[in-house]
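Taken from TrEMBL as is:
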DOMAIN    56-119  domain 'tRNA/rRNA methyltransferase SpoU type'
Amino acid sequence: MENPANAQALAEAARMFAVPCTFRDSRGLGEQLPSLSTVDTAALLGGPGPLVAVDNTPGAESVYRAGPLHVGASIVVGNERRGIRPDVLRGAAKTVQIPMPGRSVNTLNVATAAAVALYYLLDANGRRQARAPRPESHRPAILLAAPRDHVEAGSSLRSAAAFGWQTVTVDDREKVWFGTPRPVRNEARAAARSHRNPLRVVPAGDAWSPPHGSRVVVCAPDVDGPALHRTELTGTGTVLVIPDGDGWEPPSDAEFARVAVPGEPGRYRLLSGIVLAEAARQLGTRTSAALRPPRRGLSYGSMLGQTALPDTDLVQPWELTQY
Ligand SMILES: C[S@@+](CC[C@H](N)C(=O)[O-])C[C@H]1O[C@@H](n2cnc3c(N)ncnc32)[C@H](O)[C@@H]1O
């Protein structure tokens with residue numbers, strides 16, 4: 001890895017799951033983070049247990065279907081731009097990927113990917129079954145509630161796009177996303193008009209209330225409720241709320257899903273990544289058209305929700321990969 005902020009986020013992902021974390025440092029990370037624990041390639045490949053590569057390489061097994069890690073196993077994640085080195089990929093016992101149904105962004109932030117992989121490879125027993133047919137008609141709405149840092153908010157939006165959301169609502173009471181001066185971003189955006197499938201980011205407004213008849217599920221580490229992967233997170237009219245900390249007041253009829261981790265609660269991008277991954281897992285992947293029985297007449301796969309277009313922030317896919 002080459003970005004010290006990502007290295008710190010990765011170390012935090014490991015602490016979330018109470019596992020040690022070490023870096024193969026060929027890019028001078030250690031100079032900026034002197035407390036970094038390092039490993040060389042030989043030690044990485046010659047560890048005591050199997051090495052599982054986490055990367056979305058062709059043919060990699062879905063992390064949702066991979067069995068739990070063996071005792072003594074390690075997982076490895078890769079460089080922000082180049083992924084895992086080919087020799088490390090070849091030396092790994094297997095490679096698992098986090099399926100990315102998004103049309104525009106096809107990778108997660110590296111620390112988010114590690115947290116999602118650890119969530120499924122270490123536990124998440126008793127998972128709900130995936131829905132599979134017509135997943136789009138069951139995709140829940142997402143509310144990012146009061147994110148406290150713009151990088152964490154941006155990284156969460158990147159995950160949402162990668163997991164297939166096209167619209168996300170943000171309660172931006174901490175003023176980290178809308179109206180913040182982002183001159184570089186705006187300049188670059190102007191130069192990239194050709195990019196397709198932007199993410200619509202809709203402000204929740206001061207007095208957000210769930211749409212009439214909706215079911216609100218608040219997903220957080222410290223709530224009283226069933227485990228995230230045992231809670232129904234999908235369905236028309238479902239709104240998944242991902243609060244950053246405990247400053248966000250849920251509606252009185254909200255349900256709660258607990259994001260249980262064995263270690264410390266991690267930063268917002270890690271929490272939102274796990275919630276979005278689990279919702280995407282429960283949605284399942286669209287049945288291939290060839291396998292579906294022919295339909296009569298016209299049909300549609302999902303309903304269009306109305307959004308307050310004038311206020312909507314359109315974020316281009318390439319911008320999201322900066323997070
Ligand atoms: C941003 S990605 C690297 C980008 C990648 N080379 C590309 O452009 O396709 C950084 C690392 O995050 C992890 N990662 C990101 N998205 C992933 C996914 N969907 N499945 C598994 N690992 C992922 C992998 O370890 C990857 O090497």
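Note that Cβ sites are derived from N, Cα and C of the backbone, with glycine treated the same way.
Note that this is a predicted model, so its numbers are computed, not measured.
Within the model, the domain 'tRNA/rRNA methyltransferase SpoU type' (56-119) carries an average pLDDT of 94. Residue counts for the domain 'tRNA/rRNA methyltransferase SpoU type' (56-119) under DSSP, helix first, then strand, then coil, are 16 helix, 11 strand, 37 coil.
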